Amino acid sequence: MTASVLDGKALSRTIREEVKQETARLQELGIQPGLAVVLVGEDPASQVYVNSKHKACLELGFYSEVHRLPNDTTQEQLLGLVDQLNQQGTIHGILVQLPLPKHIDEKAVIDAISVEKDVDGFHPISVGNMVIGDESLLPCTPAGMMEMLKRNRIPIEGKHAVVIGRSNIVGKPISLLLQRENATVTMCHSRTNNMRELTRMADILVVAIGKAHFVDRSFIKPGAVVIDVGMNRLENGKLVGDVNFDDVVEECSWITPVPGGVGPMTITMLMVNTLKAAKRVHQIQ
Ligand SMILES: Nc1nc(=O)c2c([nH]1)NC[C@@H]1CN(c3ccc(C(=O)N[C@@H](CCC(=O)O)C(=O)O)cc3)C=[N+]21
């Protein structure tokens with residue numbers, strides 16, 4: 001068996017086209033979705049991501065603001081900017097790029113973002129609404145992954161999903177969203193004793209631990225769907241996932257590549273969330 005590749009770039013193009021058309025419809029009503037991205041410091045990787053978010057906005061017809069602040073920005077200054085963006089009518093989504101410099105308390109900043117504009121889905125109220133199953137803006141990477149499964153008609157109901165990694169922004173929300181679609185979910189992490197025994201039972205295996213090529217074919221149940229959320233930059237500059245793609249590809253039914261898998265979907269779902277936030281404020285269906 002050789003797996004089919006879940007192409008995040010192609011699916012992103014399809015969804016962005018849909019968002020673009022919806023944006024044109026809003027434009028006729030005098031509404032333009034607006035996203036503000038705030039970047040503190042000069043981390044080169046963050047610069048690249050922020051630029052691609054800005055580019056995506058322009059492509060879709062969104063209004064876009066990028067705030068680049070120096071590394072020595074105080075927490076008070078950053079909270080001041082967040083507050084200003086909370087008030088600003090042209091802005092429907094606010095994203096503060098993480099990680100923040102050490103002298104700034106990330107939690108204080110996330111908590112300060114208005115829930116209606118929380119397009120990252122990181123605010124405690126957004127998280128709480130997601131857990132309960134109420135309407136909320138979903139975190140972009142988990143939402144992007146679910147979209148890849150659904151749009152390729154990959155069955156979730158009744159399947160055993162195993163998630164490796166329990167972070168607040170990836171592992172935990174992905175587990176919840178899979179469970180919401182009636183999967184049976186097992187969460188594994190660095191302290192799990194019998195990891196392979198568990199992953200070999202997985203119909204759907206999601207890997208989000210941040211260790212290059214951690215998963216090889218010995219983890220895989222034949223025919224499994226493998227979702228690689230890892231992004232590891234090797235010393236030679238190459239970007240690789242948590243899954244050893246070449247080793248696993250012949251064992252599974254579907255697999256996401258890195259790059260070109262979940263990553264592009266993350267930015268696409270940020271655009272979807274910004275559109276949703278704009279529609280909600282203006283009470284448009
Ligand atoms: N508040 C906040 N929200 C975020 O969503 C957020 C963040 N902070 N901090 C950093 C991480 C990282 N992240 C990525 C998004 C897309 C790609 C992506 O498009 N990756 C491409 C490759 C890009 C490349 O070649 O470097 C791919 O996988 O094909 C990667 C990483 C969002 N993050």
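The backbone N, Cα and C atoms fix where each Cβ goes, glycine too.
The domain 'Tetrahydrofolate dehydrogenase/cyclohydrolase catalytic' annotation in TrEMBL covers 6-120. Note on the domain 'Tetrahydrofolate dehydrogenase/cyclohydrolase catalytic' (6-120): DSSP counts are 61 helix, 18 strand, 36 coil.
According to TrEMBL, the feature domain 'Tetrahydrofolate dehydrogenase/cyclohydrolase NAD(P)-binding' maps to 139-280.
The NADP(+) binding site annotation in TrEMBL covers Gly165, Arg166, Ser167. Note: Gly165 (NADP(+) binding site) has non-local neighbours Gly171, Cys188, His189, Val206, Val207, Ala208, Ile209, Gly210, Val229, i.e. same-chain residues 6+ apart with C-beta under 8 A of its own C-beta. Taken residue by residue with DSSP, Gly165 (NADP(+) binding site) is part of neither helix nor strand, so it is coil.
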Subject >> Around the Cβ of Ser167 (NADP(+) binding site), the count of other Cβ atoms that are within 10 Å >> reply: 15
**OP:** Count the residues of the domain 'Tetrahydrofolate dehydrogenase/cyclohydrolase NAD(P)-binding' (139-280) that DSSP assigns to helix (H, G, I), to strand (E, B) and to coil, and report the three numbers in that order.
**Re:** 53 helix, 26 strand, 63 coil
Original post:
In the same chain, outside Gly165, Arg166, Ser167, whose C-beta lies within 8 angstroms of the Cβ mean position for the NADP(+) site?
Top reply: Val163, Ile164, Asn168, Val170, Gly171, Lys172, Met187, His189, Ala208, Ile209
